[in-house]
């Protein structure tokens with residue numbers, strides 16, 4: 001069982017894979033980014049609606065992939081749209097994954113530098129992670145899925161213990177009034193709440209590796225439900241504990257919440273350190289997932305073998321990590337990634353599905 | 001051949017890994033650091049030591065707008081583990097400096113101390129009300145909120161007199177900032193102790209531009225006392241006046257923060273009778289009639305008769321309990337009216353959360369009045385009903 005090399009993942013592994021791909025650095029800044037746009041305590045409603053909006057997107061991604069069993073988007077895009085256009089679209093996807101991978105590692109480094117290792121050079125934090133990632137990604141999807149399976153319960157446990165202890169600061173009045181300004185602010189924040197789901201494009205390749213592709217819909221909806229639950233709990237606990245005014249002015253609101261109290265007599269007095277250290281593992285999984293997608297993409301688009309591509313992408317990833325010049329640049333990049341995500345969604349699954357529909361149903365072609 | 005090469009490469013890689021195992025890149029030995037545990041801010045004037053240093057021409061370009069005092073504890077971590085620590089040595093050291101940038105003043109300490117100061121273990125910040133008359137609270141706490149060492153769990157207090165005096169203790173071996181940081185634990189004994197305000201809470205209070213109170217420290221005879229609270233005006237961020245101990249207690253009951261402590265009244269014979277709070281609930285209900293906003297406050301408490309100096313025997317009956325309840329209700333009502341008079345007439349500020357209740361229950365009305373809320377509040381009508389319920393007479397009965 002532990003020597004599987006057949007590049008197939010079980011349904012539960014697929015759930016965790018999707019969850020760990022999306023849940024990363026976002027959770028540290030999400031309460032601020034969403035609350036800044038709503039400016040009311042209703043940001044949890046926004047997150048909820050964001051989840052509802054993302055659900056049909058997930059369904060579309062899964063249904064499209066299920067039409068080509070055993071094939072990733074990098075393989076079937078050419079079959080749908082023609083060889084060259086297909087390759088062009090896939091390259092965009094690869095670039096997108098590379099940018100997110102760099103973004104995740106950079107955020108990880110920024111948080112670590114600010115709170116944990118002041119004085120350590122950026123590259124000394126970034127390089128080990130990238131190298132370690134290369135080692136893991138070299139093992140294929142199965143190894144990544146297994147690491148995800150190990151990390152996920154640990155990081156969730158630590159996150160929820162931290163949140164649980166932070167309930168001493170929780171004041172329900174911080175979340176009231178509900179809909180005091182009407183529905184408008186809730187929808188104003190919708191954009192930022194959809195952005196926290198960026199990364200779910202991995203479904204386009206994930207389904208191909210599932211042992212039971214028929215269970216893909218169930219698995220992916222399961223993954224999204226877990227994420228929605230984690231995001232909801234996060235925003236309710238953070239806004240409830242700190243109030244809207246404090247969340248808006250905090251760079252890392254989730255960490256600041258945990259930094260706002262000391263638990264004397266607990267086995268650790270300051271929970272932000274365990275939380276940050278464990279969350280580094282979560283962000284590492286996140287990074288590896290995108291690293292894997294982009295390596296896979298390059299190798300399948302250009303028909304080159306997979307292992308050398310990984311090493312070829314290392315410098316690209318390092319550049320992508322070091323590109324933002326400041327923290328502000330990094331946050332702007334985060335927004336830009338969200339916009340790219342929406343653009344790519346229109347370009348890849350929607351366009352491909354339309355072409356596929358026209359060709360199969362309309363022109364009765366065999367794709 | 002090929003395999004042997006691979007193996008020696010592996011050995012090389014593993015031995016390289018041994019090097020980073022030995023430690024952390026940016027590690028600091030805790031013995032080589034000065035942990036600041038307390039921070040006091042006073043109005044700007046050169047500290048005594050600084051005056052002397054400046055007299056010798058040791059100065060830099062600055063305007064004296066704030067004087068910062070930090071408490072470093074323990075001053076010696078090594079060497080005084082000996083048992084004959086007869087308490088002659090003080091457990092802490094205070095350093096003061098003035099200027100117009102708190103960060104710069106911190107760095108000025110670094111040319112006076114033998115170890116770098118770090119703020120990871122800062123417990124309390126004490127700000128003198130005199131400073132808050134001149135500078136807004138937002139200005140002087142900005143650095144504290146931005147810094148990555150100082151935890152937002154740090155507690156904030158005001159000081160009636162010079163804030164640096166609150167960081168001085170007579171008791172040998174005691175670190176004053178730890179003493180202050182621990183004082184809020186007495187909330188279970190008296191309602192005169194308000195909920196401690198952390199930097200996170202302070203941030204949300206200043207950012208929301210609502211007026212609020214911070215607990216005030218008073219020093220005397222080498223001791224520190226929590227004595228009432230100071231009101232900070234929301235729109236200016238300046239100190240505008242203080243509430244005494246009793247008003248602070250009433251305020252705590254009104255905002256639902258306190259549920260302990262005594263209520264003392266005098267009975268028909270002029271003897272003190274004391275009631276011990278077991279629970280305290282308050283509910284503020286806003287009402288609007290056209291433009292006029294009014295509030296109904298209901299305060300309910302349960303407790304026991306804990307002490308009476310009346311020598312005349314009173315039977316432990318429900319009738320007697322009701323008689324006492326009435327007296328305590330009267331007292332409670334009087335205390336509440338005193339507080340409201342101060343808030344509405346003297347300071348014309350809402351620090352008791354009336355605005356928040358209005359915002360929660362009638363958001364549309366709140367939107368219209370929130371910009372000028374303090375003035376609107378001072379004109380609105382507040383009616384208070386108090387209900388005291390004596391549940392028992394303690395472990396002493398009379399017939």
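Note that Cβ sites are derived from N, Cα and C of the backbone, with glycine treated the same way.
On a predicted model such as this, the values are computed, not experimentally measured, just so you know.
Checked against TrEMBL, the range among A:66-86, A:150-170 recorded as transmembrane segment is A:150-170. Put simply, of A:12-31, A:43-62, A:88-109, A:121-138, A:336-358, the stretch with the most CB pairs closer than 8 A to the transmembrane segment (A:150-170) is A:12-31. Of the Cβ pairs linking the transmembrane segment (A:304-324) with the transmembrane segment (A:88-109) and spaced 6 or more residues apart, 3 or more are under 8 Å, so the two regions touch. Below 8 angstroms of C-beta separation, residues 105-106, 108-109, 112-113, 144, 147, 284, 287-288, 291-292, 295, 307, 310-311, 314, 317-318, 321-322 of the same chain, each at least six residues beyond the ends of the transmembrane segment (A:121-138), sit close to that stretch.
Proximity of the transmembrane segment (A:336-358) to the transmembrane segment (A:88-109) is established through 3 or more Cβ-Cβ distances under 8 Å for residue pairs spaced 6 or more apart. Proximity of distant same-chain residues to the transmembrane segment (A:221-244), defined by a Cβ-Cβ separation under 8 Å and at least 6 residues beyond the stretch ends, is recorded for 14-19, 22-23, 27, 30-31, 34-35, 39-41, 43-44, 47-48, 51, 54-55, 58-59, 156, 159-160, 163, 166-167, 169-172, 174-175, 196-197, 200, 250, 253-254, 256-257, 260.
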